[in-house]
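As given in TrEMBL:
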REGION    9-35  region 'Disordered'
REGION    183-214  region 'Disordered'
TRANSMEM  44-68  transmembrane segment
TRANSMEM  74-91  transmembrane segment
TRANSMEM  98-121  transmembrane segment
TRANSMEM  127-146  transmembrane segment
TRANSMEM  158-176  transmembrane segment
TRANSMEM  227-244  transmembrane segment
Amino acid sequence: MLSAAHDILSHKRTSGNQSHVDPGPTPMPHNSSSRFDCNSVSTAAVLLADILPTLVIKLLAPLGLHLLPYSPRVLVSGICAAGSFVLVAFSHSVGTSLCGVVFASISSGLGEVTFLSLTAFYPRAVISWWSSGTGGAGLLGALSYLGLTQAGLSPQQTLLSMLGIPALLLASYFLLLTSPEAQDPGGEEEAESAARQPLIRTEAPESKPGSSSSLSLRERWTVFKGLLWYIVPLVVVYFAEYFINQGLFELLFFRNTSLSHAQQYRWYQMLYQAGVFASRSSLRCCRIRFTWALALLQ
């Protein structure tokens, strides 16, 4: 959906193909003093529709999502994904298209928390493969959307061709995925013990497992200050990432080239997703302890 953001918001969307129209010199609009060629609604609107439902799901998931079996969750995720493609493909207004993006976000958020929690029943290597899969999904989605539109399909036809993806998701879960093996009691205790290891080493004596203690505001602030080394770089990276991706990309339009504005935007998204895939696939290859360096690079 993020790759199709420019097409979703464009006022020139038609049922025909827009990919191979020779853009030629793009005239400056007479009713605007801006030197940028952009939509009246920013692509950031698509980002908000794509992020907010996922955020709500992840905030509410710890409150009771674990009480719902995995199969219904996967089924709802697949149905929402298919519904999002159909809704956006046949939409004739920005509002309806954004509703379709919301359905895609629900599918993504629900699917992510479901499959990530499932990794607890499988070997540890599954985590790195899951990380690579999230990056690969973005790259495959951007590449397929770019490739199909470049091949001559309209954005509507391209979105409808994606309906096979939710079907493949459901078939993979219900038909291909093997049931997790029974957990070894000793291994489970060892995993629980490892999970209790503190993220930040402190000199304070450990409390007994059965005792409950209430931290004072000063103690909580001390813990929070230690976590800032992890929080601040993450916040900076994500803020810069989405500010550039959905706030600035649509303004980067080079005129008098063989690529139209919509095509250039799709290429930006594909290159971005390629970088995401490379970074998320590097988990087993290298470890970077100084996370501030990544924020600086961003």
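Every residue, even glycine, has its Cβ placed from backbone N, Cα and C.
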Whether the transmembrane segment (98-121) meets the transmembrane segment (227-244): three or more C-beta pairs under 8 angstroms: no
Which residues of the chain, 6 or more past the ends of the transmembrane segment (127-146), have a CB below 8 A from one of its CBs? 3-4, 112, 115-116, 119, 158, 162, 266-267, 269-270, 272-274, 276-281, 283-284
Do the transmembrane segment (158-176) and the transmembrane segment (74-91) come close, with at least three CB pairs under 8 A (pairs 6 or more apart in sequence)? yes
Any residues 6+ beyond the ends of the transmembrane segment (44-68) with a Cβ under 8 Å from its own? 1-2, 5, 8-9, 94, 98-99, 101-102, 104-106, 108-110, 112-113, 117, 242, 245-247
